[in-house]
């Protein structure tokens, strides 16, 4: 039975509907050509005389014809010969094969990109986990050292001997590093070869007697002064106050680096330095400028200053060092302390400045615990730079302030008034401001701009989704406005 073309009025209305709804296969005269195609296809009888251009007929069968009158195309397709169907199958398989060969490199590149992202995410997660562990270890070792010193002072007060004894333990730094090298490195090196390799921190010729005296002497003196003043401050102040005041060394490092090393000027770090100085003054005022309080604050600030000078001079003369070079240098400081500074505690002993009855009466448990935790702190600081982000090491140091405060509150050795609490918070905030990178302002602006762009894109997507939803809803309900021509 032949199917006649639809009247011109109906065809015109259908064209308008397709034009208004935005059907992607629409073109002027679409419905009339579609109806003509249907009539021609229906009049074609199956058999060998049927036109062989099945591809042209298949191209004319649009999705709209299936949705409007689905029975007729299905019957027509079933009445086709097997050659036409097989031809279309071969054509589809060849097309799918071509598409598969074209998309294979793209899929492999996408897989490689996903693998790279997974590896980067895994390394970031591992670094973060190591960072959290090292933060807890650094803060715990520093809190433990400070609290053991306070306990030792109850029965034994010889701060210089304690400083000398704990500095001698630095000799074990390089053996600990070499043990880690033997456990982790694939290519093992002998101790002498590794020692010579790490001694390049002193120059191309390695460690000589002249460089040993010239480079090690000033740093060993600064190291001893830093620790000695810190122990003196613990006698006058609480552990919380001393650890908070010692955090000012970050501000002193910036000021010395700006003056001596000509580092970049940063306004936020000047603000942090001012906050540190304000905290120092408030800490002295917390006890109404009592004599012991002022002396204790002076000792703590002196310890922070010598620590800052040590870091700036190290950067000036020796530059940056890796983990092995740092272990070699700290062990060298221990040797210098054992050889050249041993006469100082002997003089103090015979002059009765730091005197004890016998070596058996010394609190060896507390002394070894203090020296071991101090060594662990120095090792963790250098290991943390290798395993995780350096900023986390500084965060671990500043976390020793609340750690010492918690221990002091449990021991009921400190009563926090408003001034002392405000001074501690101001110093800690100044310390954290020092940790901001040099380009922190540019990073902040880029982050804010990216957030704005993301919000604008989400807003545009929401508007697009709403418009598409309304259009699809109008199609389903059949509410299409047809303009009257």
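Backbone N, Cα and C define each Cβ position, glycine as well.
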Quick one: sort out which of 193-211, 212-230, 440-458 is the transmembrane segment according to TrEMBL.
212-230
Can you dig out which of the ranges 93-113, 387-407 TrEMBL describes as transmembrane segment?
387-407
Confidence summary (mean pLDDT) of the domain 'EamA' (130-284):
88
